[in-house]
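To start, the structure itself, in structure tokens.
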Ligand code: HEM
């Protein structure tokens, strides 16, 4: 559409052009010349890690999500504590919960060896998320690339922005909406809980004394309740873990949604997508449950949207050489040797 015509339709075009500009900054061909094998390198390291850790793909996509929800997809989650950086890893929701940093380091080492100083940690997470889904039997897509790494972390914002295991559906909607993600995105992206695990503390209040009622969560299938009580005894250590998808724990498919239809969602935030009376999320769960192709298409679209949250591009930020620390610190370390 020409800019002259855009002047005519004012607001509509402002939104359209704004959207397409911010999306236009990333491109699937970004590393075609500078690091053409980026995808296969990332895939190879994940494939090797899967041999001993069936859950690693799930852990990696979660890192991308928790990165993007705090200051955009800028690799900030990967930064460790220093005198000036308060690591996001230490916030409730990440601490003793997010995992996979060793494999991120292995991927970075492989990328640095093939194309030194080229691939950002933020892009590494985006590619690792896509490859993890694909390796688990889910869809593949062209990841948009060209993100640069931030030089700061924001622990306070992580505490505010990341969804919590006991958030109401309205709070989930609000947190996604603050990222530019709508209700369909919320339901589609929650489908990532088709693989991976949750530790007892993230769901065991549902098993015994839900909301101080003295009873379990009424939206919990009774057979499933017995299984989960076996994994997480009352007053137990609280670690579990339990499969987020009890039907096909390590496969990326649409069973997450059929589980919700029979009250087998592990987290409150999963089950409430289907069990909150009158909500628009119910129809979306039903449609993804009956049509895996529709789920995959929506999931890809929503992953691309999530991956587009406020990327740093061009000369902004840097390409970190070590994902756990900013390059300045690397320089300081080397100069003091
Ligand atoms: C809708 C809001 C969400 C909430 C409240 C939520 C919450 C959680 C919680 C509590 C866990 C278990 C953590 C633990 O055991 O310590 C978890 C695991 C996981 N989450 Fe989410 N999540 C949400 C959305 C997402 C999204 C958007 C994605 C990715 C696109 C995602 C991917 C995962 C994966 C794959 C795991 C398993 C990780 C592993 O096994 O290491 N989640 N999530």
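Cβ coordinates come from backbone N, Cα and C, glycine included.
According to TrEMBL, the active site, proton acceptor annotation covers 66. Taken from TrEMBL, the feature Ca(2+) 1 binding site applies to 67, 70, 72, 74, 76, 88. TrEMBL lists 163 with the feature substrate binding site. Annotated heme b binding site per TrEMBL: 193, in sequence order. Residues annotated as Ca(2+) 2 binding site in TrEMBL: 194, 245, 248, 253. Here TrEMBL flags 35-115, 68-73, 121-323, 200-232 as disulfide bond. The domain 'Plant heme peroxidase family profile' feature in TrEMBL is assigned to 25-327. According to TrEMBL, the signal peptide annotation covers 1-22. Among the features that TrEMBL reports, site 'Transition state stabilizer' is placed at 62.
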- prompt: Taking Cα atoms as reference points, which of the recorded positions 163, 200, 245 is nearest to residue 72 (Ca(2+) 1 binding site)?
  reply: 163
Ca(2+) 1 site shell beyond 67, 70, 72, 74, 76, 88, criterion: Cβ within 8 Å of Cβ centroid: 66, 68, 69, 71, 73, 75, 77, 122, 150, 153, 154, 158
Message: For each of 76, 248, count the other CB atoms within 10 A of its CB; which of these binding-site residues has the top count?
response: 76
For the recorded positions 70, 121, 232, the one whose C-beta sees the most other C-beta atoms within 10 angstroms: 121
Message: Suppose we screen the recorded positions 62, 73, 88, 121 by Cβ distance to ligand 1 with a cut-off under 6 Å; which survive, in sequence order?
response: 62
Sparsest-packed of the listed binding-site residues (67, 74, 88, 245, 253) - C-beta count within 10 angstroms: 253
- line: Cβ density check for residue 73 (disulfide bond), other Cβ within 10 Å (all protein chains) comes to 29
